[in-house]
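Working notes, structure below.
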Ligand SMILES: NC(=O)C1=CN([C@@H]2O[C@H](COP(=O)(O)OP(=O)(O)OC[C@H]3O[C@@H](n4cnc5c(N)ncnc54)[C@H](OP(=O)(O)O)[C@@H]3O)[C@@H](O)[C@H]2O)C=CC1
Ligand SMILES: O=C(O)C1=N[C@H](C(=O)O)C[C@H](O)C1
């Protein structure tokens, strides 16, 4: 067994941050070398294990990315768009790979990752699970096989703390459906319906978002026509599926050339 890959987790007190810490602790291929939270957070300066309610780990939670990145091989980042952009610049400067799970980024924010991706490896995906990434490929193929007699609707459900809609996964599935149909998603997407909307327009791709309780993440892609309906569904029942995917991505980055990649690259599902 070679040396362990040194991983930093950002947003370490968050739902995904804590799940990542547990997943890293259970792995014999990676080690947690640093943990970041936003300035002013109550965990800054504390031992991470103790802050999480367990035993000491020797990792002190910090708000200073450059110093923490300097001692790492890869950063795993599930935070908020503004923080992710700042982390991308710092990771590129430090020469460490950056695995991004953060969703809700605008096109302008995504464009700000292009510079850092010229200097380091960036893997970004709205969903790190194998199942969803397979569903992306299947959605593209089904959309390519069916014509516009089949109305495409994407329905997602998440917990009541989620701040962005549609989910990153729903947008990935929408992009795949649009690509399968040979259209640009931005030209055909219907993201809000309220009041007298008029009848559904042929060829549109609709999105609907449900928020409630502790739902981890559920996505349906519906192809509805006269007399029949196909529904492709993914249900995540445990956040560990995203953390394991992120760890797989972190390991995959090692030795790769700088560039912008996604989970299809990591999982070997990208079409040539
Ligand atoms: N790609 C995927 O597979 C998945 C993606 N996600 C996405 O990951 C993101 C996080 O989700 P989740 O863990 O549920 O959200 P949480 O709100 O639980 O966690 C986000 C964490 O980031 C922290 N944070 C905010 N700003 C900074 C900063 N500048 N520096 C360091 N930390 C910061 C927050 O701190 P504070 O709360 O104090 O502000 C919080 O602890 C979301 O965009 C979500 O959609 C989630 C699951 C899977
Ligand atoms: O915020 C979440 O929780 C999740 N976010 C991702 C998304 O926006 O699709 C992935 C997963 O569904 C959980």
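Note that Cβ sites are derived from N, Cα and C of the backbone, with glycine treated the same way.
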One of 37, 114, 148, 153 listed by TrEMBL as binding NAD(+) at the site of 11, 12, 13, 14, 15, 16, 101, 102, 103, 125, 126, 127, 128: 37
Cβ under 6 Å from ligand 2: which of the recorded positions 11, 13, 127, 162 qualify? 127, 162
Among 15, 38, 162, all listed as recorded positions, which has the most CB atoms within 10 Å of its CB? 162
By the count of other Cβ atoms within 10 Å, pick out the sparsest of the binding-site residues 13, 102, 127. 13
Compare the C-alpha of residue 162 (active site, proton donor) with the C-alpha of each of the binding-site residues 11, 15, 37, 38, 125, and give the closest one. 15
Cβ contacts within 10 Å for residue 125 (NAD(+) binding site), all chains included, total 27
